[in-house]
Structure formats: C-alpha cells, structure tokens
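Annotated features, as they stand in Swiss-Prot:
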type     : residues                                           : note
ACT_SITE : His132                                             : active site, proton donor/acceptor
ACT_SITE : Lys158                                             : active site, schiff-base intermediate with substrate
BINDING  : Glu35, Phe36, Arg37, Arg70, Arg199, Thr220, Gln224 : 3-dehydroquinate binding site
Amino acid sequence: MTSTQAVSFDTFQLAAATADLSDESAASDYADIVEFRLDLAYADTSLPDPLTAISAYDHSSSLPLIVTNRPEWEGGAYDGETIDRLEMLITAAKHDAVIAVDIELETLKSQHGKKVARDIRNSGAVIIASTHDFTSTPQQSVLHERLHTAAQLGDIGKLAVTAQTHRDALRVLAATEQASQWGDTVATMAMGALGQHTRVVAPLYGSRIGYAPVNPTDATAPGQYDIKTLSEMIDTLTHTKVEDD
C-alpha cells in the first residue's frame, strides 16, 4: 500500500476506480491510488453522500484518492449544474486524502474552469486534465495536440479514446511516447476490445496512471480489466522488460 506522501506521478501509479470507498481494503494489495467517482456515488442512492464519505475516510492508513465528478456529456453520471459539480471537487480537494482531481479538458479551457483548478491546486492537489472519445480514435496530429493541451492545462494530461482497429491502438501508444519525449506527464489508454492491451503496455511508453475497477462488473469504461488482473499483468511485463534489459 502506498502512503499519501509517497505518491509521485513521476512514476506509474495504478488506480482502483470505484464509487464506494469501502472497496479500498480490497484494492489495497494491488493499487497505488483509489479513483473515487463522485458522480457515480452521487447517482447511487444506496451509497453515502460522496463528500461525507471522503470526510469519514481514514487517509492515514488508506490509499490516497483521485476524485472525479464526471458529467454526462463526458461519459459520466452527473446531470446537475456545472457550478455545483465543480464546487464538489473544490470541497473534496480540501481533504488530506485527496492528492489529485480529474477535470475535463473542455471545462479547463473556460475561465471558470481555470479558477477552479487554481483553487484546487491551492489545496495541495494536482489536476488531471482528461479528454475522452467513446466512439473513435482521432488522427495522430489530433492526438498529439489534444494530449499536449491537456498536459499544459493540467499537471497530468489524460487521454482515453476508442480503438476501432489495431492501428488505432498503435497511434495512442505513439502519442504517449511522443508526449513523454516532450516532457509532458500523461495517462493514456485505448478503450474497447481492440485497445484493451494498451492498458497493460502503455506504462512502457510513458503513461503514468492506469485505471481498473476492483470488481470487473463495476467497470467504468469499455475494455477495463479488474484491478488484480491488471496489476499482475503490468508487474509481469515490467519484470520481464527489466530482465531483458
């Protein structure tokens, strides 16, 4: 298990994605961080209020948190007002357990989004600027531009697209490697069956965050492995690479 103080996005971090912070204990053997989906928790009436759940979270002995409050227009579950959605993120970032906040790239392009990012950074959390395409993979030049812009507006640029061909997956890996060469800190993956393997190999090309649900039935994006499976595959691949080198 990784302590909050020890986490650095200079190296790869594996995040267990969940709407229920009680999943942390099951994830702690495999994950470095928990991605807490406020939008999914807020939409599920059987779960505690997400901000209350963060307040009750024992950060001293638990994994640190990335908080995400994804709107419906970016594939999430939050259907309320933008100002309320972002205020939840600002409030969440004030808790010691929260080390990173995910905000959509389109939101960060607005003046209000930039102000929200400043407020969150003032609380000590970093910004993950995320962009998603749930239907296709853009051309290489678009991938480079979108990922670089995300890395500039955020502290980490996150790009998730949908692979319709194996070549799409290769383009994502190429964009990841190029971004790393430019000095950008990025997290990348290709969603869908044809992009599933990128979740395992992207760290070799410079991706700094991987995402997986604790339970495969709770996947928050197409093509996700469960946290145990992804952790074991990445560990095997990384150790094999070290031995080959």
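Cβ atoms are placed via backbone N, Cα and C, with glycine included.
Within the same chain, residues at least six positions away from Thr220 (3-dehydroquinate binding site) with a Cβ under 8 Å of its Cβ are Ala17, Arg37, Leu40, Tyr211, Pro213. Summary: among the recorded positions (Arg70, His132, Lys158), the fewest other C-beta atoms within 10 A of the C-beta are counted at His132. When the neighbouring Cβ atoms lying within 10 Å are counted for each of the binding-site residues (Glu35, Phe36, Arg199, Gln224), the highest count belongs to Phe36.
Whole-number maximum of the Cα to Cα distances across the 3-dehydroquinate-binding residues Glu35, Phe36, Arg37, Arg70, Arg199, Thr220, Gln224: 20 angstrom. Between the CA atoms of Glu35 (3-dehydroquinate binding site) and His132 (active site, proton donor/acceptor) there is a gap of 16 Å, rounded to the nearest whole number.
With respect to their backbone Cα atoms, Arg70 (3-dehydroquinate binding site) and Lys158 (active site, schiff-base intermediate with substrate) stand 13 Å from each other. Geometry remark: the residue listed as 'active site, proton donor/acceptor' versus Gln224 (3-dehydroquinate binding site), CA distance 15 Å. The Cβ of Arg37 (3-dehydroquinate binding site) has 27 neighbouring Cβ atoms from other residues within 10 Å, across all protein chains displayed. On a Cα basis, Arg199 (3-dehydroquinate binding site) lies 13 Å away from Lys158 (active site, schiff-base intermediate with substrate).
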